[in-house]
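Taken straight from TrEMBL:
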BINDING   H10, K86  heme binding site
TRANSMEM  6-24  transmembrane segment
TRANSMEM  52-71  transmembrane segment
TRANSMEM  83-101  transmembrane segment
TRANSMEM  121-139  transmembrane segment
Amino acid sequence: MLMLWLKALHIIFVITWFAGLFYLPRLFVYHAALGGSDPAGAERFKIMERRLFTMMTVGGVLAVLFGGATLGQAPGFMQTGWMHAKLTLVAGLIAYHVWCYRLLTAFRDNRNQHSERWYRGFNEVPTLFLFGIVILVVVKPF
Ligand code: HEM
């Protein structure tokens, strides 16, 4: 029973995390499209980006903590291939999160290097992680 409660909280915070992982790079797309044309608009984007990043970091930390607590209730999962693969993908997702922070600080300091088109590609990456991780935990293919 405890494991199911922990897993429910795990999934709730995974959703919170992904809301940010999907939307922050979308803000970067629109922010990059401004170029230097609208300084007031750019300042508004900076505030939205900072707040969204805070929210998604809270979501990410709690998702990982409740994931770890769920795993603590079912340590046998550590013997499975799908869990190892999942944790590898989670490490990639954390790296993506940190990369988002670096991009956020570049925008904040007016030294963004990337185009709107580049951010559109960057924005697709979390979808790939989502497909991979959900298929691994639900199908448990190996
Ligand atoms: C260090 C990070 C994580 C750990 C330790 C972890 C651990 C776990 C564990 C032990 C379960 C229970 C599996 C089962 O009952 O079959 C679980 C379920 C789940 N996890 Fe994670 N997880 C982590 C990150 C994530 C992330 C980033 C996602 C989403 C992209 C995710 C999505 C899910 C989903 C959807 C389930 C429910 C599967 C089901 O009940 O069928 N987890 N997680």
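Just so it is clear, glycine is given a Cβ too, placed from its N, Cα and C backbone atoms.
Of the candidate ranges 6-24, 52-71, 83-101, 83-101 contributes the most Cβ pairs within a distance under 8 Å of the transmembrane segment (121-139). Other C-beta atoms found within 10 angstroms of the C-beta of K86 (heme binding site) number 20, with every protein chain shown included. Within the same chain, residues at least 6 positions away in sequence whose Cβ sits under 8 Å from that of H10 (heme binding site) are A63, F66, G67, A69, T70. DSSP assigns H10 (heme binding site) to a helix in the three-state reduction.
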